[in-house]
Amino acid sequence: MNKAPAQMSRFNIAPDMDSSSTNSNEYTNYQDHASKVPLNGIQYSDVEAESQNFLSDHHLGKKKYEAEYSPGSASFGMSVFNLGNAIMGSGILGLSYAMANTGIAMFVILLVAVAIFSLYSVHLLLKTANEGGSLVYEQLGYKAFGIPGKLAASCSITMQNFGAMASYLYIVKYELPIVIRAFLDSNDNAWYTNGDYLVLIVTMSIILPLSLLKNLGYLGYTSGFSLLCMVFFLIVVIYKKFQIPCPLPENFINITVNVSQPPQTNNSTDEECCKPKYFIFNSQTVYAVPILTFAFVCHPAILPMYEELKDRSRRKMQNVANVSFLGMFIMYLLAALFGYLTFNEAVEPELLHTYSKVYNFDVVLLIVRLAVLTAVTLTVPVVLFPIRTSVNHLLGASKEFSWPRHICITVALLVCVNILVIFVPTIRDIFGFIGASAAAMLIFILPSAFYIKLVKKESMKSVQKIGATLFLIMGFLVMTGSMALIIMDWIHNALSSEEHTGGH
């Protein structure tokens, strides 16, 4: 797999050109930069994709950035595949839940809107990189707004990474107990089938040792494996739609054959439950947009992939993004649609876990679970790398590597994410909170703010600047509106829970 420099300290990108065919001739000295990984571990040298850390200690005061011409090496097809890896993440598991709480028609409208807005955001980001003279996300923040801009970019990327890491561990918490019960052929509630204990065991025995390594290069291969896992998962979701009857009969367990003739029922309520709905509004509808934004975030990976692209130009990179987003759009739509049509109102925030309502043991689903568990477990250490680098930098640590500091930061981060996974009630809350905050910042707010500030040749009255300004305003509305509604839902649930407890 092609690799490209993730950090550049000198650029000479012509503002008025449609191409940016320059590379850096010197690099920063960080030892710990990792590659972006959504539900994958693809590496663009030292870049992370759903997560990412482009903290730099460049001399930013210079007017001009000089660089030698150094063409990228990634083909169009490879770039499309890499960006697909960057987009695809655990968010796909929450899309059926979003559809179940918006209806098919409303979900499709929202999915199309978020995909188009994400592509527009990529356009703004590429143009800003050309005009601003940097292919480093956080450096664009510094050039636009100084230290606050750099911190905003850094914190947003770190939050997105932390949310991604938590969502992966949540998948371990949900799915590993089911796998263990299947292998032991047992339904008891022993400690070794408790998700909280299993998350701690997996963290200490696998994730912590891998996270303490100074180099995770070999884990870059998990990216392709992760994407294949999700394709396999999608195929299984479509296949199972035609195997699982609706409504689900009580005690519908261990069905492996003869499901082509679902049980007859005269219950009109059950029939109503099995009828797909096109528009739904309820208390959970507020999570739909944050789940979608969480699923489409890949923007910190765009710039290093742009630098890596062979014969690069803005138009070519935009076409790469168009093809990748179209592919992920189709996968997301199919996964959401068939997951929703299978379970309708009964779908859970994490789709794969919903199948445990139907099958106590199923070989195909067991293979899917094992594959997904392997992928997410190997991805967590890669996602943790840039977070640790960011913390290192913010603490003002010296560039000299220190094992005690390295170990302390790693352990502290893993302790925090484990506490979050153990005490947060559902993965829906992680999708919702991170999608409404960090993802909204990375898709809507930061690219438009950087564009407005750094692209000088267009006046504020130009169509482009007006469009970017409206996009910025919409980003703030999405973030504040979603966060307010989600917090209100949390408060309502907490009060309802207290009343229910008090009633007994």
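The backbone N, Cα and C atoms fix where each Cβ goes, and this holds for glycine too.
According to Swiss-Prot, the feature Na(+) binding site maps to N85, T379, an assignment based on similarity to another entry. Secondary structure at T379 (Na(+) binding site), taken from DSSP and collapsed to helix, strand or coil, is helix.
Under the heading compositional bias 'Low complexity', Swiss-Prot lists 19-28.
Annotated disulfide bond per Swiss-Prot: C246-C274, in sequence order.
Swiss-Prot lists N254 (among others) with the feature N-linked glycosylation site, giving sequence analysis as the kind of evidence.
What Swiss-Prot lists as N-linked glycosylation site is N258 (among others).
Look at Swiss-Prot and you will find 1-28 tagged as region 'Disordered'.
The feature region 'Regulates protein turnover upon amino acid deprivation' is assigned by Swiss-Prot to 1-99, with similarity to another entry given as support.
Per Swiss-Prot, the feature topological domain 'Cytoplasmic' maps to 1-79 (among others).
For 100-105 (among others), the entry in Swiss-Prot reads topological domain 'Extracellular'. For the topological domain 'Extracellular' (100-105), same-chain residues at least 6 beyond its ends with a Cβ under 8 Å from one of its own Cβ atoms are 276-282, 284-285, 287-288, 337, 340, 343-345, 347.
Annotated topological domain 'Cytoplasmic' per Swiss-Prot: 127-161 (among others), in sequence order, evidence recorded as similarity to another entry.
Beyond the topological domain 'Extracellular' (181-189), the same-chain residues lying 6 or more positions past its ends with a Cβ under 8 Å from any Cβ of the stretch are 360-361, 366. Annotated topological domain 'Extracellular' per Swiss-Prot: 181-189 (among others), in sequence order.
The topological domain 'Cytoplasmic' annotation in Swiss-Prot covers 211-218 (among others).
As annotated by Swiss-Prot, topological domain 'Extracellular' applies to 240-285 (among others).
With DSSP classes pooled into helix, strand and coil, the tally for the topological domain 'Cytoplasmic' (307-322) is 11 helix, 1 strand, 4 coil. The topological domain 'Cytoplasmic' annotation in Swiss-Prot covers 307-322 (among others) and is backed by similarity to another entry.
For the topological domain 'Extracellular' (344-364), the model gives a mean pLDDT of 87. The topological domain 'Extracellular' annotation in Swiss-Prot covers 344-364 (among others).
Here Swiss-Prot flags 386-406 (among others) as topological domain 'Cytoplasmic'.
In this structure, N85 (Na(+) binding site) is part of a helix by DSSP. Most Cβ pairs under 8 A with the transmembrane segment (106-126) among the ranges 190-210, 323-343, 365-385 are made by 323-343. Looking at 286-306, 323-343, 407-427, 430-450, the range that has the most CB pairs within less than 8 A of the transmembrane segment (162-180) turns out to be 407-427. Residues 90, 93-94, 162, 165-167, 169-171, 173-174, 196, 199-200, 203, 207-208, 211-212, 349-350, 384, 387-388, 391-392 of the same chain lie 6+ residues outside the transmembrane segment (407-427) yet bring a C-beta within less than 8 angstroms of a C-beta in it. The stretch from 80-99, 323-343, 430-450, 466-488 with the most CB pairs below 8 A to the transmembrane segment (286-306) is 430-450.
Its Cβ placed at the centre, N85 (Na(+) binding site) has 29 other Cβ atoms within 10 Å. Counting residues of the topological domain 'Extracellular' (100-105) by DSSP class, helix then strand then coil, yields 3 helix, 0 strand, 3 coil. Sequence-remote contacts of a segment are chain residues at least 6 beyond its ends whose Cβ falls under 8 Å from one of its Cβ atoms, and for the transmembrane segment (80-99) they are 1, 36, 38-40, 42, 44, 49-50, 74, 107, 110, 164, 167-168, 170-171, 223-224, 226-227, 230, 233, 284, 287-288, 291-292, 294-298, 301-302, 305, 320-321, 323-325, 327-328, 331-332, 335-337, 339-340, 343, 347-352, 354, 376, 427-428, 431, 435.
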